[in-house]
Structure formats: C-alpha cells, structure tokens
Amino acid sequence: MKISMIASATIIGVMMTINAYGGSSLDEINNIQNQNQNQIKELEEASKDGFLDKFQKQKQQIEQEKRQAENVKQKAFIKQKIAQTEKIEAEVKKAATEKAKKTAENSKKEAENAKKEAERKVDEIFTQGDKPIKKLNDKIDEAIKTDSTLQDIIKQANKEDLKHITKDEIDSFKDISFDDNTISNLYNVIEDDSAQTNNASQNVEKILILKKIFSMGLIKKNVFTEYNRQFQEANSNPENPVKTNTDNRKLAENFKKIIGEDKNKGLRKLYTIINEIDKNKLTKEFEQVVDAQKELKQKENTLQQKIAQLEKAETEIKKNIEEIKKQSKLEQKAQEEITQKEQEIKQKQEEVEQAEKELEKAQELAEKAKNPEAKAKIIAELDKKLEKAKKDRAEAISSDKNLELNKDEAQTTSSLLSVVNNKEVENLLLNVKAKDIATLAKNINSTLEEVSKEFKDNKTVDTLLSSVGSATNSRLAKLSNPLNDDLALAYAIKNLSDNKFADNADTLSSVVKEYTNRFNYDSNLWGNIMGGKAKLKSQANTNTYGFMLGYDKAFDNMIIGGYAGYTNAKSSSNTLTTKSDNYHFGAYTRMYIDQNEIDAKVSYGKGKNKLDRKVIIDPDFDANGKYNTKFFDASIDYGHIFDTNNNSFMKPMIGLEYSHVSTKGFKETGKVPVSFKGTTVKTLSAKAAVEFRKYIANSNFLYITPGIQKELRKSMKDTELAFVNSTENIKYASKKDKHTFFTLKTGAEMKLTDNLSTNINFGVKAKSESKYYNGTVGLSYKF
C-alpha cells in the first residue's frame with residue numbers, strides 16, 4: 001500500500017510538470033523525454049546494489065573540496081601579506097630615489113651654469129675689442145676685403161679651430177720670428193741647385209712655417225693641404241735628384257703666390273698684422289684660449305655626469321614604480337583569489353546540504369525501485385505523454401502561420417511529421433527547431449512537386465513521339481513521290497533495250513508492265529538515329545536520344561509501314577535526376593483518294609524509369625526509386641493535294657490525335673521514402689497544318705510543315721503520395737489547362753545509290769513556356 005502511494009505521487013508530479021509546459025514546443029518535448037529517460041535510469045540505478053554508496057561518496061567528495069578551498073584561501077592570504085610588505089619596501093625606495101633625483105637636478109643646474117660661465121670666458125676672447133685675437137681677426141677681415149688673393153689664403157681664428165690646439169703647437173707658433181726680411185728671403189727661387197742653400201731646403205722651412213700658422217687656424221685648410229701634398233710629391237723620389245730639384249723649383253714658384261712680393265700681400269701681410277698686434281700677446285692669449293677650452297671641456301664632462309646621475313635616478317624611480325604596480329597586482333590577485341575561494345566555500349557548503357537532501361531522496365527512490373508494478377506504471381504514463389506531445393507539435397508546426405508554409409508545404413510537413421517508427425523523423429520532433437523543420441519540409445516539398453510535374457508533363461514521351469512523327473512523315477513523303485512511276489518505267493526501258501520481241505502489242509505491253517513493277521522498289525527498310533530536347537519553364541531540360549528501325553511498302557493507293565525503336569532520356573537538376581529506357585513500336589499508313597491523302601498512325605511504348613531525389617540541406621532525406629510508364633498514341637490526318645508547279649505540292653491538312661500516358665505507383669528507397677500512387681494523363685488534340693513538298697529528280701525531295709496543335713480535352717487525376725508509414729497523405733492538384741502549340745516539321749532526303757538514300761529531319765513543338773525539339777538522321781534501302 002505504501003509503495004503504490006509513492007508511485008501515484010510520482011506520476012502526479014510528472015503530469016503536473018507536463019501540464020506546466022502548456023503546449024508542445026521543442027523544449028517541452030525535450031523536457032518530457034529527458035524526464036522519461038531520467039526516471040527510467042534512476043529506477044534502474046536505484047535497484048542496483050551499492051546505489052546509495054555513490055551519494056555518500058559524493059557528499060564526502062564535496063566536503064573534501066570545501067576543505068581544499070579553505071586551504072587555498074589561507075595560502076592566498078599569506079601571498080597577499082607578502083605582496084603588501086614588498087609594496088611598502090618599494091615605496092620607501094621610491095621616496096629615497098626621488099630625493100636623490102632632486103639632488104641630481106640641482107647639481108645639473110649648477111653644472112649647466114658653470115658650463116655657461118666657461119663658454120662666456122671663451123667668447124670674451126673672441127668678441128672683446130681690446131683682446132689681441134679680436135684685433136687680429138678684425139685686421140684679417142679688413143685685409144682680405146682689399147686683397148682677393150689674400151682672401152684665398154688666410155682666415156680668421158675661431159673657437160672651433162682653437163678647441164683642439166696644444167701647448168706644443170703654441171710654442172711652435174711662438175718660435176716664428178715674423179720678421180719680414182726672413183720671409184722675404186724665402187720668396188725668391190734659387191736657380192743653382194748645387195748651392196748650399198737650395199730650393200729643397202727652403203721649401204722645408206716654408207712648409208714648417210705654413211704648418212705652424214695653420215695650426216693656429218689662420219691658414220685655410222685647403223691651402224695647407226694642397227701645398228703639403230705638393231711638398232710630399234716633390235720629395236718622394238730622393239734617389240732621383242734631378243727630378244727632386246725640378247719639382248722643388250716648381251714648388252718654390254708656387255710658394256711665391258702665398259708669400260707675397262711685398263708687405264701688403266700673402267703671408268708677408270699676415271706677418272705685418274701679427275707684428276702690429278705683438279706676437280707675445282697673441283701667444284699668451286692663445287694659451288688662455290687653451291686653458292679656457294680645457295675648463296669648458298671639464299665643465300661639460302661634469303654636466304654629463306650630472307645628467308647620467310639624473311637619468312639613473314629616473315630609471316630607478318621607474319623601476320620602483322613598476323615594482324609597486326607588480327606588488328599591487330599580486331596583492332589584488334591574492335584578494336580576488338581569497339574572494340573566489342570564499343564564494344567557493346559558500347557554494348561547497350550549499351552543495352553539501354544539497355548532497356544530504358539527494359541522499360535522502362535516493363533512499364526513497366531505492367524503496368520505489370523494489371516495486372515492479374509502480375515502476376512500469378510510471379514509465380507507461382510518461383511514454384503516453386511524450387507521444388501526445390510529439391503529435392501536438394507536428395500539428396502545431398503544420399498550422400503555424402509564422403512559418404509561412406503554403407498549402408502544399410503544410411501538407412508535406414504534416415505527412416512527414418506523421419511518419420512512425422522512423423529514426424530521422426523521430427529526431428526532427430525531438431531535437432530540431434520548428435523553423436528548421438519548416439525549411440526542411442519546404443525543400444522536400446520542392447523535390448516532390450518536381451517529381452509530380454515529371455508525371456504530369458510527360459516530357460520524355462512528348463519528345464519521343466515528336467521524333468517518331470518526324471521519321472514517319474519523312475517516309476510518307478518519300479513514298480508519295482509522283483516521279484516514282486516515271487523512274488520505274490525508265491529503268492524498265494533501259495533493261496529491255498537489248499531484247500527482241502514479236503510485233504504483238506499486247507505481249508510487249510505485258511512485258512513492259514512486268515519490268516516496270518520490278519523497278520518500282522515498293523518495299524523499303526529504313527533506320528533513323530534520333531535526338532531531342534524538352535525545355536519547360538522552372539524545370540530541368542530533358543535530353544533524349546535513340547534509334548528506330550522500320551519497314552514500309554507502297555501499294556497502288558496505299559502505304560503501310562511499321563517501326564520499332566529505343567529511346568534513352570535523362571533530366572537533371574540540383575534536386576532531381578531522372579533516367580529512362582523507353583521501348584516503343586508502331587504502325588503508319590496513308591491512303592490516296594484522288595487528290596486526297598488520309599494518314600493514320602499508332603504508337604505504343606513502355607518506359608523503365610529511375611529517379612534520384614535529393615534534399616540539399618539534409619542528405620538523410622534523399623531517396624531514389626524505380627517506376628514504369630506506358631504510353632499509347634493514335635492520330636488521323638486528312639489533307640488535299642494541290643499541284644503548284646515543277647513537282648511542288650501544297651497540302652492543307654487537319655487531324656486529331658489522342659494520347660494516353662500512365663505511370664505505375666511505386667515506393668522509393670531511402671531513410672525517409674515516399675510512396676507514389678499511379679497517375680494517368682489523357683489528351684485529345686486537334687491539328688491544322690500546311691505541308692509543302694518539293695520533289696527533285698533522282699528521288700531527292702524536301703518538305704516543311706508548319707502548323708498548330710490545340711488540346712481539346714485533357715483528363716488527369718491529382719497526384720497522390722505519402723511518406724511511408726505516415727498517416728497523412730499529400731495531394732498535388734492537377735492543372736488541366738488546355739494549351740495551344742506551334743508545330744514545325746521539316747526534312748529532306750538525298751539519293752546515295754539506286755537503292756540507298758539518306759534523310760535528315762527536324763521538328764519543333766512549342767508554346768510560351770514549353771519547347772520540344774527533335775531531330776533524326778537516317779538511311780533507307782529499297783528493294
């Protein structure tokens with residue numbers, strides 16, 4: 001009694017859960033399914049030994065994880081304290097470094113001021129009017145303005161030139177006498193190279209004077225460089241004294257340009273200026289410049305040291321700031337870890353409490369699992385609710401206006417979702433969203449509609465019959481050639497020309513008639529290769545090819561013939577591929593009554609078809625099938641012949657044609673196949689055309705027949721189908737519109753030998769949205 005009450009309570013709980021969903025959405029079905037599976041699984045698990053052990057272990061595991069979280073929290077707290085200590089130490093270092101930075105900044109300012117003072121002292125030497133160097137530069141400036149030659153030789157002394165002079169260079173400058181007589185003696189060129197004092201020795205003296213003055217920055221660099229180069233070249237071959245003397249004499253001539261012929265020119269002018277200022281004063285001031293430059297250099301070095309100290313302090317400050325940031329991040333990270341672990345500890349406490357509740361529930365469930373009757377009742381009730389929810393969902397999707405399903409798409413959806421015992425459909429109802437199901441159903445419906453159109457339009461049969469019509473029309477035109485009797489008579493006369501007969505007229509006449517009949521060749525074997533194409537709007541093109549073999553015989557007032565043929569057809573689109581092998585045979589006849597021609601044709605055939613239907617968005621719903629088609633076609637035409645001229649004929653004609661095409665029902669193969677019921681299409685059409693025939697000698701001819709064909713009556717049933725194992729059918733309404741087609745048949749035949757001819761034919765049957773083309777090429781043999 002106690003177990004039954006528990007089972008009833010469980011079932012009621014499940015039903016309340018289902019009712020709470022209020023409908024049959026995918027989530028609701030999934031919840032019911034999951035509940036069903038979970039309930040079964042729980043009952044099975046509860047019946048096993050050791051069922052309660054895992055709940056006890058789970059509780060112990062959670063308690064252990066809680067303790068681990070508490071340990072991690074404690075470690076994070078220690079890390080936080082360490083980071084705080086490191087941060088404080090970095091801040092202390094930063095403060096000390098900032099103080100050192102201020103000291104370095106002050107020292108830098110002092111060094112900058114000292115450097116400025118040293119630069120001022122140097123500038124004074126070159127700018128104050130009573131200073132010897134300033135006087136020297138002024139006089140040089142005045143001299144070079146009046147003497148362009150002097151302008152190319154000497155220059156003013158400047159700070160840059162004197163920045164690197166040494167005491168030895170100053171002493172060398174001091175050794176120069178700056179006596180005009182001395183320099184004037186160096187002006188002349190010595191003609192006697194054997195004298196004790198010659199050009200070579202004087203050139204040495206001249207180049208030394210030039211170098212000493214150049215080192216004080218008073219000679220232009222290019223001048224000294226050029227004369228020094230000439231001096232080196234002149235004395236580069238001591239083993240050749242003649243060349244050395246010649247080169248030194250030439251160099252002595254060049255030195256005259258810069259020495260000057262009097263005191264107002266060249267170096268003699270510079271000597272005069274230096275004597276006016278006083279060589280000793282200049283030398284002393286040059287020494288002051290050297291001392292000032294040294295002091296300036298020292299101040300610059302001191303400044304660079306202070307700048308380096310300042311940069312070092314700034315680098316240290318940045319390093320301390322980075323260390324503070326690093327420790328702050330570590331402190332923050334530790335705090336976050338502490339907070340996280342506190343939350344985790346709280347969560348684990350809640351999990352421990354939950355585990356205790358689950359353990360209590362497990363104990364109750366274990367008691368239920370021991371009662372098979374209660375277990376079976378729970379499962380049956382859940383299955384029943386799940387099936388109802390699936391059915392409700394299928395109906396809801398099929399009628400949902402938001403999914404924008406038209407009538408045909410809605411019935412396809414309903415039939416698809418009503419399939420039972422199918423894994424793919426089961427998956428749709430249990431796992432796929434309504435919008436995706438609708439998209440799939442639209443794709444499937446599109447493929448089924450395309451199959452339905454194949455059954456109704458009969459493109460293969462229409463193209464095949466058009467090819468047959470072109471071939472038989474060519475035969476009838478051939479055998480209706482009025483020149484055939486004349487040709488037979490001509491052949492008879494040719495073959496009797498060498499024979500002798502009595503004068504009996506009747507005997508000769510009978511012989512000619514017999515030979516004429518022999519050469520009429522009224523029996524014919526023929527064969528054609530044919531091809532065609534059907535182009536219909538919104539459908540894939542159908543291509544056909546095949547062959548026909550036939551026999552016909554001409555009588556006095558009648559032609560009778562028959563044929564048999566094979567045609568292969570293929571149509572392919574992204575979603576549907578059809579192939580067929582068609583076997584057909586038929587008969588044709590023409591009767592002559594004066595100028596009237598009556599034609600009758602009948603054809604019968606059978607097609608073995610294969611289709612491959614593809615659902616692009618989900619290949620699991622692809623399918624293929626095989627089915628048979630039978631067709632029958634009969635026509636009768638009447639026309640009156642008008643003889644125009646030159647073996648040309650015109651024949652207005654009218655006629656009736658009846659066609660009957662039936663497709664046998666079949667079932668596809670596939671994961672979700674469809675079962676199709678058979679279809680039948682019956683059509684009665686009226687025809688009107690004008691045939692133009694032109695016969696040429698030697699049995700050649702051509703013809704063209706434009707016309708129209710109007711459907712008078714059309715009978716076809718709606719296409720009915722359904723998914724296999726579905727309780728819902730699909731029906732596509734048949735359009736029984738009656739159409740009018742333009743038709744054109746044309747062809748020609750050419751004689752190859754007396755017995756063998758070839759022919760070619762082309763035909764068109766067309767309206768605005770449908771076009772059928774056919775062509776044949778053939779041979780005929782008469783005997």
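Backbone N, Cα and C define each Cβ position, glycine as well.
Unlike curated entries, TrEMBL annotations are predicted automatically.
Annotation source TrEMBL lists signal peptide at 1-20.
Long-range contacts of the region 'Disordered' (98-117) within its own chain (CB-CB distance under 8 A, at least 6 residues past either end) are made by residues 296, 299-300, 302-303, 305-307, 309-310, 313-314, 316-317. The region 'Disordered' annotation in TrEMBL covers 98-117.
Annotated coiled coil per TrEMBL: 279-399, in sequence order.
Mean pLDDT for the domain 'Autotransporter' (518-783) in this predicted model: 92. The feature domain 'Autotransporter' is assigned by TrEMBL to 518-783.
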Go ahead and report the DSSP secondary structure tallies for the region 'Disordered' (98-117): helix first, then strand, then coil. 20 helix, 0 strand, 0 coil
